[in-house]
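Engineer: Structure incoming, see below.
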Amino acid sequence: MGKGFFISKVVAVVCVVVAISAVATIIALSVVYAQEKSKNQETPTTATTAGPGTQTTTPSTPKEPWQRYRLPDSLSPISYNVTLWPRLTPNTDGLYIFSGYSTVLFTCVKETDLILIHSNKLNFTMFDGYHAQLKAVDGASAPQLKKSWLEVPTQYLVIQLSSPLQAGSTYELFTEFVGELADDLGGFYRSEYDEDGVRKILATTQMQPTDARKAFPCFDEPAMKAVFHMTLIHPHGTVALSNSMNYEPINITTPDGLNLIQTSFGPTEIMSTYLLAFVVCDFGFIQSDLGANVLIRIWARKKAIEEGQGAYALEKTGPILSFFEKYYKIPYPLKKSDQIALPDFSAGAMENWGLITYRETALLYNPAVSSNGDKEWVATVISHELAHMWFGNLVTTKWWNDLWLNEGFATYVSYLGANYAEPDWNMSDLIVLNEIIGVMAVDALASSHPLSSKEADVMRPEDINALFDSITYSKGAAVLRMLSSFITEEVFSNGLNTYLEEFKYKNTVYQDLWKNLQTAVDNAGIQLPHSVEVIMNRWILQMGFPVVTIDTKTGKISQKHFLLNPDSVVDVPSEFNYEWFVPITWIKTGAAKDQYWLLTKEATNADMTTGDGDWLIANIDMKGFYRVNYDSENWDRILTKLSTQHQDIPVINRAQIIDDAFNLARAKIVSTTLALSTTRFLNTELEYMPWQTATRNLDYFVLMFDRSEVYGPMQGYINKKVTPLFKHFEELTANWTKIPEKHTDQYNQVNALSWGCSTGVDGCKELTTAWFKEWMDNPDNNKISPNLRTTVYCSAIAEGGAVEWDFAWKMYKSATIASEAEKLLYALSCTKQPWLLNSYGGGSMSFGRLISGVTKRFSSEFEYKQLLQFKEDNINQLGSAASSFEQALERTKANMDWVALNKELVFDWFTSEISGTV
């Protein structure tokens, strides 16, 4: 599943309010939390066709099988035959419902008198007082049903039998049911949207991780793979889609006289329930050329298709599929690849096998309105989902505790696929900015968690949902990138091929991949200090990562668990004592040296000593997941090199130096002034990656000091650094009339404008205000470059008042393109007149992400106590947001300590820099 990062109305509002008052923030958290809690506790009332039996929860002891969250290993599904009829208009009770029936064919693996099958929020037709009918296949007799009920806490339909099912025999279980077609974005749900003033309804699905059971009764675990035969009944004027190609639809008439369409689909490949998908909509589509090996179709709202918003996705899907076929050395396993953009979708995308669902912003691209960042997002999300067609779908991890392998891998190779589709974008480098640097900040907290969990620790649906975080996706990608680097990409690809071939249509644990990679390593004659498994265990079975310190005077190298707050207590023990096997790549005075493995807490490498004028940099291109510190003399030589000939240092490492230094300073390992000194060279830097890294780190200073006397001299310093960059782009773009050719230059142009306007570079605010006014004067003709719109909108609204804000609000309400709506939504929060935000409606996002967004600038004792009080008041109801609260508390405490320690010296440093003295 693709990550779903976005800025919602709630975030935009609260992030502004928080600048005014911590109390307001806590109130906002309380309101949103209460809304979400209420929403999650709602039990929809659905139509029911229940007979004399009723849905009950039978009291039982925790030892009973139906009170355990994992299915027993006594039954194994073979196939499902499912028919569903979603109602796209409400019934007399005002509810949207769906009805259906299902037959599951299963084998009895171990003799048992109990059938447990997942079911959630379904009302069943009763057959002689039971929730299902059971029959044996091949003429055998089936046991009589003794008792059946719905075990709500563990989401089972429980069927007790009068005699046991026989091992080796095959049976069929038939159920008929009704469910609510709710708007909760899970299971079989409805999505609503407006098009040309008309309210439209579609029915769609999101099964991952545990919501297939909301659509029909099923053995809803990844290892319970089966074949699915789907049939959908739907109104005329709509189309039905599913994982497989459809047979010719037929017209049917219901007993009460309704004329409908019945669409049946070919059998799926053997696959997990969470990969099942079906959609009923009135969308349009574009498709690949007839005769292509794989039919590719892009589905979206008809207006979006007519406007050509699906063209870019269609253009790039074929090449990306071809790339992965070569990368895995296995043909694409299916005959078609449908991709559909949904107006209402919780994640970025979902890798349903043959029918990938996307949020609109992740699939649709309009060059007249969408930015290069929007375009990159489309390319990487498509690549992420297509990577899953093999890794995740063809071969699936046994249980959710190995989710990191599935999502981390897809995240890593998504950059390879996107790099193939857009070779001029340098995507294989941008993974450092987009994934690795960000997740290092999270993994440097004592409240982080290991990539891999024990199977027994991930049981409940809420446990599973909590794993869908940046550690799983981004750290997973980072450590696999590191592994691929030290065994080589070719060997990595060879190991993947044998892994996929060995386990296709089956399930695995992560050790199965390590074994195949080890074989590839051995075949290639690559020498490693330990086996792949032994090396990687230290990166996946313990949280965090090391800071490697190199003393170039002595050649001594050491490692230590890196924590942003050195005073935080790590209360989770590690069998490896928080030590890692670290692959150190390095250069000395620009010359590449042989990779060195740090295998102990301390070691000495005489080659890493330097003479006069030599400088050393480790972790080349940030291929390793660790930070690097040096002796003070080497730091000085690096700073001198940056100030004189910064191009001699690889561009990724220029970014790394900045990011490492700032984070080492926050951890009190180096001085804050050393970190700030790594930005001195920026007035001569034109590349995006160093500038973007500096921006992210200086943003922290802005968050901590924008309410203090430090703000003035800090703004003056940044103004001095960004003015040359602003003038460079002014010249490169012929006074802002052209778009830079380089992908990363288009990004860095945004940094020039954003910092330029926020720090008062001459002419910047006037420029953005004039562009915005020109648009206000002619709303139907927005000439602002799509790449610059977020920055221009934000700057103009910050400088303006109610007139500018009201105009942006109006344009947001009428926006027909999702990416444009998001830019306007974000910009509305830039106002310096918070009362304007009262116009906002509600929004939707995870509560955990809300916590992170609204507390990131907390740095006072008062704010910490307010946050702590909120946690104590809601301690038993936080659910999957509990870890986010712990991280927020830890981060706030670290911010408090950091401000107290650094405020005075930072003020002095910035003051000294802008006065021209050192």
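Placement of Cβ uses the backbone N, Cα and C atoms for every residue, glycine included.
From TrEMBL, here are the annotated features:
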type     : residues               : note
REGION   : 40-66                  : region 'Disordered'
COMPBIAS : 43-61                  : compositional bias 'Low complexity'
DOMAIN   : 77-275                 : domain 'Aminopeptidase N-like N-terminal'
DOMAIN   : 312-539                : domain 'Peptidase M1 membrane alanine aminopeptidase'
BINDING  : HIS384, HIS388, GLU407 : Zn(2+) binding site
ACT_SITE : GLU385                 : active site, proton acceptor
SITE     : TYR473                 : site 'Transition state stabilizer'
DOMAIN   : 615-839                : domain 'ERAP1-like C-terminal'
Engineer: Provide the number of Cβ atoms within 10 Å of the Cβ of the residue listed as 'active site, proton acceptor', excluding the reference atom itself.
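Structural biologist: Excluding its own Cβ, the number within 10 Å is 30.
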Engineer: Let's check the environment of TYR473 (site 'Transition state stabilizer'): how many other CB atoms sit within 10 Å of its CB?
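Structural biologist: TYR473 (site 'Transition state stabilizer'): 26 neighbouring Cβ atoms within 10 Å.
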Engineer: Restricting to the chain of HIS384 (Zn(2+) binding site) and a gap of 6 or more, list residues whose Cβ falls under 8 Å of its Cβ, or answer none.
Structural biologist: GLY2, GLY348, ALA349, GLU351, ALA410, THR411, SER414
Engineer: What count of other C-beta atoms do you get within 10 angstroms of the C-beta of GLU407 (Zn(2+) binding site), across all chains shown?
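Structural biologist: So the Cβ neighbour count for GLU407 (Zn(2+) binding site) comes to 26.
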Engineer: Would you kindly give the Cα-Cα distance separating TYR473 (site 'Transition state stabilizer') and HIS388 (Zn(2+) binding site), rounded to the nearest Å?
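Structural biologist: On Cα coordinates alone, these residues lie 13 Å apart.
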Engineer: For the Zn(2+) site given as HIS384, HIS388, GLU407, which other residues of the same chain have their Cβ within 8 Å of the site's Cβ centre?
Structural biologist: MET1, GLY2, GLU351, GLU385, ALA387, PHE391, GLY392, ASN406, PHE409, ALA410, THR411, SER414
Engineer: I'd like the number of other C-beta atoms within 10 A of the C-beta of HIS388 (Zn(2+) binding site), please.
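Structural biologist: Other Cβ atoms found within 10 Å: 27.
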Engineer: Cα of GLU385 (active site, proton acceptor) to Cα of GLU407 (Zn(2+) binding site): how many Å, rounded?
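Structural biologist: Cα-Cα, rounded: 10 Å.
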Engineer: For the domain 'Aminopeptidase N-like N-terminal' (77-275), what's the model's average pLDDT?
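Structural biologist: Computed over the domain 'Aminopeptidase N-like N-terminal' (77-275), the mean pLDDT is 97 on the 0 to 100 scale.
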Engineer: Could you tell me the C-alpha distance between TYR473 (site 'Transition state stabilizer') and GLU407 (Zn(2+) binding site) in angstrom, no decimals?
Structural biologist: 5
